[in-house]
């Protein structure tokens, strides 16, 4: 049975009332439109749905606004939150007059990256295993006006609430700053909430394996089992969707901001990657039982600081990428060592041999981030880029002279965009990314840089008001 036939059968079996077609904007925010299920038949999956592309930031001008969404029948699932039974499906964006993929469609770049891998002859499939962290709060307020620039967060579980007064008393069990990794409840107060999130994902057909409290106060992570590049990018969007909505049902609010508060660890999105061509391409007899291709793949990722513009695309990303908070700052690699940008997780099975990029964060558009990482790695294999010797020391404690010899990740979104402007040819291979797409993306991100740089910050009042 075809994927379209499977989707239509699911609609019938589940007595679906509506079909929610979904796609992402360049920043990675999920967008949707809901159709009456009676309008969705076999032809719909081929002909798609017209929409106004000029209303999506960074896409079409109003005089060329018509765009078309083509549903991917292999991506369907039943929405767990809507009151009426609704089938959801992820879409690719195409030009209505030619039927060709729209050059700025993020999902289209992911699909093309997978096709490019196969066409290159290097591998048949790339597997991705992202690990996205997040914070759960009870109350978040912020203001950005000429007279007030401020934010305030609160959570009963927050380490700062040890002396707060509560109507039923302060029970005092909390994860302290940098003290949240793995204690049981009552310190881990979100056990049941995370369990509900994970169970919801299972009911949607997602492959999951675990959940736990993370290092920072109020910080958490759920585990996704690895899958194909586009599939896992879809899953990260579903992951965020479920977490936001389950938290909201319990009066909580979630953020995937990389660094929502000072003085504690930020949220990363570590990305595990492997390539298969009949067998695991990364298993071998080199360092850490890696193959030569795996080392070149690492070399490609470490060579390209411009990747940061796609894997760490927020001004806030670079408040996480600083020493002292378990975030990778140095462009180095090691087996098991978590202080470098790339880690080789220990495993007994050659089939599980993989590399882990530790610098990405969950503010990234997963389609663009995963495609960029794959393209950088493939560029490393094609050009046999040597990653240099592994760094098996604690990179956080290196003496200054050794530290100075190791290149770093970008220090700001401005720097990352400048690197991307200078060096992006590896992304253009196979037309996976296009110049038009990168230019549109960078224009949006430069707007964010200017907004951030031109807004006075409260700490500037603390440091300079009395000058």
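Each residue, glycine too, has its Cβ placed from N, Cα and C.
Remember, it's a predicted structure, so these values are computed and weren't measured experimentally.
Swiss-Prot names 270, 356 as Mg(2+) 1 ligands; from the candidate set 131, 133, 165, the record adds 131 to that same site. Under the DSSP three-state reduction, residue 358 (L-glutamate binding site) is assigned to coil, being neither helix nor strand. Note: the CA-CA distance between residue 358 (L-glutamate binding site) and residue 270 (Mg(2+) 1 binding site) rounds to 5 Å. If you measure from the Cα atom of residue 343 (ATP binding site) to that of residue 266 (L-glutamate binding site), you get 18 Å. Comparing residue 356 (Mg(2+) 1 binding site) with residue 272 (ATP binding site), their Cα atoms are 4 Å apart once rounded. Per Cα geometry, 221 is the residue among the binding-site residues 214, 221, 265, 266, 320 nearest to residue 272 (ATP binding site).
Listed binding-site residues: 270, 320, 338, 343, 358. The one with the lowest count of other Cβ atoms within 10 Å of its Cβ is 338. Annotated pair residue 266 (L-glutamate binding site) and residue 133 (Mg(2+) 2 binding site), C-alpha to C-alpha distance, rounded: 8 Å.
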